[in-house]
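Database features, via TrEMBL:
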{"type": "BINDING", "residues": "Asn13, Trp14, Lys15, Gly176, Ser216, Gly237, Gly238", "note": "substrate binding site"}
{"type": "ACT_SITE", "residues": "His98", "note": "active site, electrophile"}
{"type": "ACT_SITE", "residues": "Glu170", "note": "active site, proton acceptor"}
Amino acid sequence: MDKQNRKAIIAGNWKMNMTPTEAGHLIDALVPAVQGANCEVVICVPFTDLCVAVAKCSGTNIHVGAENVHFEKSGAFTGEISADMLTDLGVEYVVIGHSERRQYFAETDETVNKRARAALAGGLKPIICVGESLAQREQGVTEELVRMQVKIALNGVTAEELKNVVIAYEPIWAIGTGKTATADQAQEVCAAIRKVVGELYGEDAAKALTVQYGGSMNAKNAEELLSKPDVDGGLIGGASLKADQFAIIVDAASKG
Ligand SMILES: O=C(CO)COP(=O)(O)O
């Protein structure tokens, strides 16, 4: 499979970090640091940082994403944010189904699917997160679980819509722990994700799909992870909060 035809995407997931003032400073440092990138650069930021991010990234090569979206178009859902609210601001991507949302906010494969469909219908590009816990890896059910997560998340997503979908493999045990999956482990599961998408949508669609790895990806290990044939980018937490570290990861993806 030829990786050259796929777009590598390096996306920061800032999580619950950065006030709007801090966000402005970080983006001011990021813009010159990633301007020569030969991959897509995305920052997914808290809702409160979106305005400043969109304003500062306008006219640059940095694309802006949110960290979640509600599945209804509008209505009595106190505290929630719709796809239309995000696109109206100029937001392009949205992280969906992050394991922290699944673990702490009771999101399920079914609500992940509803959010993904709402995002796509609203013109956003969802970065759908899947991945196993340590116990699930030790039980040997990683591939089966990830296949199921992907199948449910994509239920009802059309082949045309799939072109705007990114899938991120994020083993839960590697998130924020400093324990990175080995490049071979990342490759194995990213390939399995591409395989199930191929079964659902055909070979060409699978070949075109961007599959990211996320979980303690950093300036030191990015190059090796990104060198794997089915790892098309990264979803980066901690290391995305430092412009110099994030830029090194972007450089690594630009070479691949
Ligand atoms: O959850 C992640 C990205 O969504 C990964 O976080 P870390 O890079 O901090 O491990």
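Backbone N, Cα and C define each Cβ position, glycine as well.
Location within the structure of each feature annotated in TrEMBL.
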{"residue": "Asn13", "record": "substrate binding site", "Cβ within 10 Å": "27"}
{"residue": "Trp14", "record": "substrate binding site", "Cβ within 10 Å": "23"}
{"residue": "Lys15", "record": "substrate binding site", "Cβ within 10 Å": "19"}
{"residue": "His98", "record": "active site, electrophile", "Cβ within 10 Å": "28"}
{"residue": "Glu170", "record": "active site, proton acceptor", "Cβ within 10 Å": "28"}
{"residue": "Gly176", "record": "substrate binding site", "Cβ within 10 Å": "12"}
{"residue": "Ser216", "record": "substrate binding site", "Cβ within 10 Å": "22"}
{"residue": "Gly237", "record": "substrate binding site", "Cβ within 10 Å": "22"}
{"residue": "Gly238", "record": "substrate binding site", "Cβ within 10 Å": "18"}
Using CB under 6 Å from any atom of ligand 1, narrow the binding-site residues Asn13, Lys15, Gly176 to the ones that qualify.
Asn13, Gly176
Quick one: which of these binding-site residues, Trp14, Ser216, Gly238, have their CA within 10 A of His98 (active site, electrophile)?
none
How far apart, in angstrom, are the most distant Cα atoms among the substrate-binding residues Asn13, Trp14, Lys15, Gly176, Ser216, Gly237, Gly238?
14
To test your reading of the substrate site: which residues beyond Asn13, Trp14, Lys15, Gly176, Ser216, Gly237, Gly238, same chain only, put their Cβ within 8 Å of the Cβ centroid of those residues?
Ile175, Ile236, Ala239, Ser240, Leu241
Roughly how many Å lie between the Cα atoms of Asn13 (substrate binding site) and the residue listed as 'active site, proton acceptor', rounded to a whole value?
12
Can you give me the Cα-Cα distance between Gly237 (substrate binding site) and Glu170 (active site, proton acceptor) in Å, rounded to a whole number?
11
Between the residue listed as 'active site, proton acceptor' and Ser216 (substrate binding site): CA-CA distance (Å):
9
Euclidean distance between Cα atoms of the residue listed as 'active site, proton acceptor' and Gly176 (substrate binding site), Å:
11
